[in-house]
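Below is one structure, written out as structure tokens; the observations come after it.
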Amino acid sequence: MAKEKYDRSKPHVNIGTIGHVDHGKTTLTAAITTVLARRLPSSVNQPKDYASIDAAPEERERGITINTAHVEYETATRHYAHIDAPGHADYVKNMITGAAQMDGAILVVASTDGPMPQTREHILLSRQVGVKHLIVFMNKVDLVDDEELLELVEMEIRDLLSEYDFPGDDLPVIQGSALKALEGDTKFEDIIMELMDTVDSYIPEPERDTDKPLLLPVEDVFSITGRGTVASGRIDRGTVRVNDEIEIVGIKEETKKAVVTGVEMFRKQLDEGLAGDNVGILLRGVQRDEIERGQVIAKPSSINPHTKFKGEVYILSKDEGGRHTPFFNNYRPQFYFRTTDVTGSIELPAGTEMVMPGDNVTINVELIHPIAVEQGTTFSIREGGRTVGSGIVSEIEA
């Protein structure tokens, strides 16, 4: 475990890059770290090249980013954890777990292409998982000679954002070239600094739910020989300290109690983890097979596992990439809660024979495994790897 203390003097914000495959998300992430390391050198600001962000071996073989890369950097006023969210449609599931961790995001659109299918999909996902603030980076402007074409692409992006209830007319659009900035072109480096100034000012410092009871959705689990089991994820709300008693809730039949013996972030030890932090939690008396992704670590008795609830859902239209046909009573899709999919059956309200793509409806859901849910928990409805709806738990039934 890490020895160095983590510096809390600057406010911490989680952001990420989203957008269509090959539009330059990873190159922009590399450019931000590299330009900040040149302009604002510090122990945090270390340049990361494309290959190191695109690190997992299977990613390079296909030239597409699969896993979610985490990098950190700081501006004069803030510390950032940056997620490079995968752009390819096959990896939307990973995108959902990544986007759920963002206070705001940079939507990368290649000026040479304009908005593409995954641009739309990622805007929709951002809306669904509660990413409220988007900034647009129009990339590859060095490859477009026609000023009018750039204006058209910008208008198209703004219209698309408005369609999904983002303030398309007002949100910032920055035009630049991530590759040119990475290569050290001063003009394009300046634009990266302008982008970061915009991120500093436009994405509000998140309201942290530190006063609420602890809830940490488990993303990953590993064991450290001689120390015990570590669960990692982003603290949704509350705080966690060494010696805290916690419960591991969901999926398994029984809720398990445990004690926290260590908290760390970016390989540095913390006195406490706060809402919004990406942390690893060392747990005493928990075997590696007793905790898994999809469960939550919570303050004892603060949240319970449930299989039945009422939900308000919106079913995506065909144009939004949803189903082409209606569904009927006892439809069995996957319900995506926080970090995992669980199959469930849908019971429609009395008198409703079917639900059409584009409809809003109140449904009763019964899951095959209990999940830690409460009123206000959000979820996506998915089938065959694609999102077909989104919803929010309105009432717990059992």
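Just so you know, glycine gets a Cβ as well, placed from its N, Cα and C.
Taking Swiss-Prot as the reference, the stretch among 47-50, 139-142, 303-306, 359-362 described by the feature region 'G4' is residues 139-142. Swiss-Prot assigns the feature region 'G1' to residues 19-26, out of the candidate ranges 3-10, 19-26, 115-122, 203-210. Check Swiss-Prot against the ranges 84-87, 268-271, 288-291, 388-391 and you find region 'G3' recorded for 84-87. The sparsest Cβ neighbourhood within 10 Å, among the listed binding-site residues (LYS25, THR26, VAL141), is found at VAL141. Taking the Cβ of GLY19 (GTP binding site) as centre and 10 Å as the limit, one finds 27 other Cβ atoms among all the protein chains shown. Counted with DSSP, the region 'G4' (139-142) comes out as 2 helix, 1 strand, 1 coil. For the domain 'tr-type G' (10-207), the model's pLDDT averages out at 85. Cα separation, THR26 (Mg(2+) binding site) to GLY19 (GTP binding site), rounded: 10 Å.
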